[in-house]
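For Cys117, Cys120, His121, Met240, the entry in TrEMBL reads heme c binding site. Taken from TrEMBL, the feature transmembrane segment applies to 55-74.
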Amino acid sequence: MKLLSQSYWAVSRRDWAGSCVQTPTSINSKQTGLLKKNAAKFSSSLKDMTATRKAVLGALGLFGGGAAGLAYALNESVKANDLVAHPPTFPWNHNGYFESMDASSIRRGYEVYKNVCSACHSMKYVAYRNLIGVSHTEAEAKAEAESVQVVDGPNDSGEMFERPGKLSDYFPAPYANDEAARSANNGALPPDLSYITSARHGGENYIFSLLTGYVDPPAGINVREGLYYNPYFVGGSIGMAQALYNEVSEYSDGTPATASQMAKDVSVFLKWCSEPEHDQRKKMALKAMMMFSIIISISYYLKRHKWSAIKSRKFAYTP
């Protein structure tokens, strides 16, 4: 009788232990069944929902979508009420994720600035040395610097003097001070162009549109003497006359100097002046993406390697 009872309990323990040990297939089947059960409950809850509750939820969704659409429409209508034409977005090459600034366009834009824009606008935060390796060689940048006379001093006698420019010099200003600039431009102060694309909404799109947007004022709009109509400028009246015309300047590389070509090149040049780190920033971003993709892949593999054994462990009671 004692031997019979011992064999009975041994068999019972083995059966109980066997029932505690579950294979991955059985676990996956149970999880799948649980998901199907939850989905069935959700579907049945939608079917059992009363018509009133469905109507309320539908009305709330319709109201939310309508409110969002109304807010967007009002925002766009406010923009349309401005007396300013918003510049379109042009397909600039440097706007691509993997595109750099056009060095040839920067060089031509510098020529446009030197021959046309520098008569009124300063660029006091851009030095000749910044051109090296971007649009000019060191010898070319040095020659450009030496072509201007820079006021320096004082000397041993305490007097200011003029000397040829150096690579460390910044672009010279056309006027000695703001008062002289206003006096020469009918009271208007020409802005410094060093960071103009970052300081204006629309960036290079605004610069290009402004330079090519001079038209005759429409009927009903009077422009007082000394001002010029440009729909892209705030108020429509600007103190700067149209500066770019076909063949008003010449390019050293032989590119046809049309008004639109010059506007495009000087816009790219001003974009580079505002963001000289543009290309370097994209290079660093590309390197960071490559580095992080490798790190994430390794981290994912290590996580799977570490936790696969932990998450798949099974515990069985075998007294």
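Every residue gets a Cβ built from N, Cα and C, even glycine.
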Residues within 8 Å of the Cys117, Cys120, His121, Met240 Cβ centre (excluding the heme c site residues themselves): Val116, Ser118, Ala119, Pro190, Leu193, Ala243
Entry from the binding-site residues list Cys117, Cys120, Met240 having the most other CB atoms no farther than 10 A: Cys117
Intrachain C-beta neighbours of His121 (heme c binding site), sequence separation six or more, cut-off 8 angstroms: Tyr113, Pro174, Pro190, Pro191, Asp192, Leu193
DSSP three-state assignment for Met240 (heme c binding site): coil
DSSP-derived structure type at Cys117 (heme c binding site), helix or strand or else coil: helix
